[in-house]
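Peer 1: After the structure tokens below, expect a handful of questions from me.
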Amino acid sequence: MSVKKDSKWKRIVFHIILLISVVIAVYPALRVFGTSLRPGDSLHSTSLAIIPDDATFDAYKTLIFDKGFLIWLRNSLLVTFFTVVIGVSLASTAGYVFSRKRFPGRKSGLTFFLLTQMFPATMLLLPMYILLAQFGLTDQTVVVPFLGMAKAHIGLIIMYSSTALPLCVWQMKGYYDTIPESLEEAALVDGLNQFQAFYKIILPLAKPALVITALFSFMTAWNEYMVARVVMTDNSLYTLPVGLTNLAGQFNTAWAEFAAASVLIMLPVMAVFLLLSRFLVGGLTLGGVKG
């Protein structure tokens, strides 16, 4: 009987701790949402209410219709989309080669990938910018008019992809190691070639790792500010993190619009996490296990 009581109290304590953790995590986001609903003259109210009595969506209207938010959103979506596509494509194939093939320089290559993660992004900023400038990829000239994509956007995509790639390759390599090679051998016996065995057999089994790779590439491109701030000089080509700095004036800051932008920026991230959540646990755990 005492064992059951102890177990019951443990569950109660666990749920209390869990509830407190949820409140700590969610409350700041709710406060930001509440701030976005405040009119300018009540922004510094001492009220603890999440939704103010004089709530208004004026900040959202101003942000969407009077500012360049939709243009910045389009630019961020374009850069993020191509970063994810390139990151997943290169990491999935390179990780497979490092997992299945034995060739000179294999271990050195994997070690080099790890070493690149030891350097802070700020240290790589100047040499990468110089490299892009030499290839004309810091130019603000629009080269894909119907997408509004400029050469500088291509430069950002290259920088983001190369930054995320080393860790993604290690993630994919670790996951491929958990997949038995006998599956490929059976596919080859059945008449498939090496690429078909990879594409039809191995790649579907590695879906959790592909999701983690896509998510990491997505977050790398979606949230990045410093590189985009240096590369982008045209307001119409800004990505969201850079564009939002325009909301801060020399003498005052549109905090309600800042809060509204924060809420809108969170929505795609939340949507991606919700859509991919069922793959996250498997991708994070199995990718770190050596078969």
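Here the Cβ of each residue, glycine as well, is placed from N, Cα and C on the backbone.
TrEMBL feature annotations, pasted as is:
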| type | residues | note |
| --- | --- | --- |
| DOMAIN | 73-276 | domain 'ABC transmembrane type-1' |
| TRANSMEM | 12-30 | transmembrane segment |
| TRANSMEM | 77-98 | transmembrane segment |
| TRANSMEM | 110-132 | transmembrane segment |
| TRANSMEM | 152-170 | transmembrane segment |
| TRANSMEM | 201-222 | transmembrane segment |
| TRANSMEM | 254-276 | transmembrane segment |
Peer 1: Mind checking which residues of the chain, 6+ beyond the ends of the transmembrane segment (201-222), have their Cβ under 8 Å from one of its Cβ atoms?
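Peer 2: For the transmembrane segment (201-222), the far contacts come to 76, 79-80, 83-84, 86-88, 91-92, 95-96, 156-157, 160-161, 163-164, 167-168, 171-172, 174-176, 179, 183-184, 187, 192, 240, 268-269, 272-273, 276, 279-280, 282-284, 286-287.
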Peer 1: Which bits of the chain, at least 6 residues beyond where the transmembrane segment (254-276) starts or stops, bring a Cβ under 8 A of a Cβ in it?
Peer 2: 29, 32-33, 35-40, 43, 58-60, 62-63, 67, 69, 73, 77, 211, 214-215, 218-219, 222, 240, 244, 247-248
